[in-house]
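If you check Swiss-Prot, you get these features:
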DISULFID  Cys23-Cys46  disulfide bond
DISULFID  Cys26-Cys33  disulfide bond
DISULFID  Cys39-Cys64  disulfide bond
DISULFID  Cys68-Cys85  disulfide bond
DISULFID  Cys86-Cys91  disulfide bond
DOMAIN    21-107  domain 'UPAR/Ly6'
LIPID     Cys91  GPI-anchor amidated cysteine
SIGNAL    1-20  signal peptide
Amino acid sequence: MTPLLTLILVVLMGLPLAQALDCHVCAYNGDNCFNPMRCPAMVAYCMTTRTYYTPTRMKVSKSCVPRCFETVYDGYSKHASTTSCCQYDLCNGTGLATPATLALAPILLATLWGLL
């Protein structure tokens, strides 16, 4: 073998192999769900979608996806939904903010502003 080919082979053997992403994959009628799984190699994102049927009733879905389209609200359907994506192992383990929590944010900011 030529020295250049030998050098290329040595360098390639030292490179780490691409690691598959680990995501929580589940569907749950309630606040949150956890089920860690190894995703296929082509997957680039962990996704969490929450569909709100009423302010207190929701469905949480978590999955592995090759592409992500984050949404805050789908105005065309009769149910509100939020979708978020992330790109590191088990990053979709935490839940998204619920509507009640989001409603408290302006009140908290106004209170803090009044204290300043």
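Easy rule for this one: first residue shown is 1, then count along the chain.
Note: Cβ is positioned from N, Cα and C throughout, glycine not excepted.
Checking each of the disulfide-bonded residues Cys23, Cys39, Cys46, Cys91 against Cys85 (disulfide bond) by C-alpha distance, the shortest gap belongs to Cys46.
In sequence order, the disulfide-bonded residues near Cys46 (disulfide bond) (Cα within 10 Å of its Cα) are Cys39, Cys64, Cys91, drawn from Cys26, Cys39, Cys64, Cys91. Closest by Cα distance to Cys26 (disulfide bond), from the disulfide-bonded residues Cys39, Cys64, Cys86, Cys91, is Cys64. Summarising model confidence by region, the domain 'UPAR/Ly6' (21-107) averages a pLDDT of 82.
In sequence order, Ala44, Tyr45, Met47, Thr83, Cys85 constitute the residues six or more apart from Cys68 (disulfide bond) in its chain with CB-CB distances below 8 Å. It is 13 Å from the Cα atom of Cys33 (disulfide bond) to that of Cys91 (disulfide bond).
When the C-alpha distances from Cys91 (disulfide bond) to the disulfide-bonded residues Cys23, Cys39, Cys64 are tabulated, the minimum falls on Cys23.
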